[in-house]
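**Student:** Below are the structure tokens for one structure; questions will follow.
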Amino acid sequence: MDKQQFLAEYQDVFKEPGKDVFFSPGRINVIGEHTDYNGGHVFPCAISIGTYGVYGPREDTTVAIYSANSAKEEDSKIITFDINDTEPQNAKDEKWVNYFKGMLVYLKQRGFKIDHGFNLYIHGFLPYGSGLSSSASIEMLMGNILKDEFNLDIDEIELVKLGQKTENDFVGLNSGIMDQFAVGMGKENNAIYLDCNTLEYKYLPLELGDYEIIIMSTNKNHSLAGSKYNERVQECEEAVKRLNKKLDINKLGELDSDTFDQYTYLIDDDTLIRRARHAVSENERTKKAIDAMEKGDLEELGRLINASHVSLKYDYEVTGKELDTLAENAWNQPGCLGARMVGGGFAGSAIAIVKKSEAENFKKNVGKIYRDKIGYDASFYDAEVVDGPHKL
């Protein structure tokens, strides 16, 4: 779809021309899962599948939002709120609007002048609950539209922080900053090596040669805010609290494996030990993956990606039958260097690094196994690594 098509869709809904069209990407994370809120390292990139938004200013103080994605539902409607309303939408069919509303609320709280309403038409191509950061894509889309329309003097990293605040405080999910950072700071053909504790980062070319990344969606929805995601955050915080009987740390990402092994006895709970062990070992795997990328050692990268999935399955327990079926059967396919779940888990998506010449057979074989075992189809996506949010 092109810019004119989105403008035409906006006009169909709001009966007047739209002003501008923006795109905000989704993201995948090559490695470093559930490490962001633990103060560790991650290695994500922005992808060409994302969210498009068309907006047009209004003369009153009403914000009116329409989603083409909810148009498939019988109760599709334009949802409205006032720019001075600071409370989350509570109706079940309106909660998705809070990702937009939170950004507006927190920008106004920061003292930015947002003095009129607007209409907003949304068309997302990231399946909701796919683990590809549809929520961060929406937050950064909204932030960049507001920045453009109201000439806000704010840089992208500050918008990223407000995106995380929206997720944490307005929506109620205790996530780290990786998703918003990956989306907001995306750079074409590069992944971002990010220290989530300090926000120090560097771009690394995602040079895979004869290989490509294939996204595999379980087509099973996950709702992180209603899942065990927040429980994992709390378990890691409790592990830190127990380790601090002898140590002085704020996050598990501050530990290496040797130090963790030395003081594991302080945690004194098998479940908490496994949760913390994942956070520490995944952080180390991410650092090793960067070394492998810089040396061009894709086979080592693949091994680390596989080990990440194993840790997420057994120590962190966030995979599930669908994700395990995709990742573990991907491992057995010709030309696959590595595969693992991505995102929060509990369904959603996995990624695989696959030889380009084997890609079609890979999709066919893994797809058949998944359908036979799970009972419905998985979806497979090829995505390019792209820049962050921008105006078309």
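In case you wondered, yes, glycine gets a Cβ from its N, Cα and C as well.
Owing to the predicted nature of the structure, the values given are computational and were not obtained by experimental measurement.
What Swiss-Prot lists as site 'Transition state stabilizer' is Arg27, and the listing cites sequence analysis. As annotated by Swiss-Prot, substrate binding site applies to Glu33, His34, Thr35, Asp36, Tyr229, with the evidence given as sequence analysis. Swiss-Prot lists Ser67, Gly129, Ser130, Gly131, Leu132, Ser133, Ser134, Ser135 with the feature ATP binding site. According to Swiss-Prot, the Mg(2+) binding site annotation covers Ser135, Glu167. Annotation source Swiss-Prot lists active site, proton acceptor at Asp179.
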**Student:** Ser67 (ATP binding site) to Glu167 (Mg(2+) binding site): how many Å between their Cα atoms?
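**Tutor:** Here the two Cα atoms are 19 Å apart.
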**Student:** Given the recorded positions Arg27, Ser130, Gly131, Leu132, Glu167, Asp179, which lie close to Asp36 (substrate binding site), meaning Cα to Cα within 10 A?
**Tutor:** Asp179
**Student:** To the nearest whole angstrom, what is the C-alpha distance linking Gly129 (ATP binding site) and Asp179 (active site, proton acceptor)?
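**Tutor:** Just about 14 Å between their Cα atoms.
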**Student:** Same-chain residues six or more away whose CB lies under 8 A from the CB of Tyr229 (substrate binding site)?
**Tutor:** Leu173, Asn174, Ser175, Gly344, Gly345, Phe346
**Student:** Can you tell which of Gly129, Gly131 has the most other C-beta atoms within 10 Å, given these are the binding-site residues?
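**Tutor:** That would be Gly131, with the most Cβ atoms nearby.
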**Student:** Which whole number of Å gives the largest C-alpha distance between any two of Ser67, Gly129, Ser130, Gly131, Leu132, Ser133, Ser134, Ser135, the residues noted as binding ATP?
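**Tutor:** Spelled out: the longest distance between any two Cα atoms in Ser67, Gly129, Ser130, Gly131, Leu132, Ser133, Ser134, Ser135 is 19 Å.
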**Student:** What subset of the recorded positions Arg27, Glu33, Glu167 lies within 10 angstroms of Gly131 (ATP binding site), using C-alpha positions?
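**Tutor:** The recorded positions close to Gly131 (ATP binding site) (Cα within 10 Å), listed in sequence order, are Arg27.
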**Student:** Among the recorded positions listed here (Arg27, His34), identify the one with the smallest other-Cβ count within 10 Å.
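**Tutor:** So among Arg27, His34, the recorded positions given, the one with the fewest Cβ atoms within 10 Å is His34.
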**Student:** Per the record, substrate is bound by Glu33, His34, Thr35, Asp36, Tyr229: how many Å separate the farthest pair of Cα atoms?
**Tutor:** 13
**Student:** Rank aside, I only need the closest one: which of the binding-site residues Thr35, Ser133, Glu167 has its C-alpha nearest to that of Arg27 (site 'Transition state stabilizer')?
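**Tutor:** Going through Thr35, Ser133, Glu167 one by one, the closest to Arg27 (site 'Transition state stabilizer') is Ser133.
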